[in-house]
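Taken straight from TrEMBL:
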DOMAIN    25-109  domain 'Acylphosphatase-like'
ACT_SITE  Arg40  active site
ACT_SITE  Asn58  active site
Amino acid sequence: MNSCRYQERQQERISMFWEKKTKIRKHIIFYGRVQGVGFRYYTVQKANQLGLTGWVKNLYDGSVEMEVEGEEPLIDELIIFLQNRTYVWIENMDAKSIPLEHDNGFYER
């Protein structure tokens with residue numbers, strides 16, 4: 001009986017370890033054909049679907065700026081989604097890690 005309880009507690013500890021998800025925040029500037037092609041709209045839709053937080057906005061030079069926070073695999077999924085949009089062509093991206101801000105939701109600025 002004690003062995004069974006010990007195993008249950010061990011399993012709970014393992015589960016708790018894997019449930020802790022590490023969040024990161026990235027500041028990214030996208031260059032290429034990223035304005036006038038629904039880039040911000042699809043970014044907001046997909047980011048909210050993935051449970052990411054942050055914002056996206058157009059810049060005057062034709063690029064798009066984004067800050068996104070969440071689990072790294074989900075951020076990667078968002079970027080892959082954007083790269084595969086029909087009319088979007090991402091020529092280059094400048095990305096850097098920045099401190100977490102714990103936003104609520106993802107929105108367009």
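Placed from the backbone N, Cα and C atoms, the Cβ positions cover glycine too.
Note that TrEMBL annotation is computational and uncurated.
Note that the structure is a prediction, hence the values are computed from the model and not measured.
Counting only the Cα atoms, the space from Arg40 (active site) to Asn58 (active site) is about 8 angstrom. DSSP classifies Arg40 (active site) as helix under the three-state reduction. When DSSP labels each residue, the domain 'Acylphosphatase-like' (25-109) comes out as 24 helix, 36 strand, 25 coil, counted as helix, strand and coil in that order. Within its own chain, Asn58 (active site) has Gln35, Arg40, Val64, Glu65 as residues 6 or more apart in sequence whose C-beta sits under 8 angstroms from its own.
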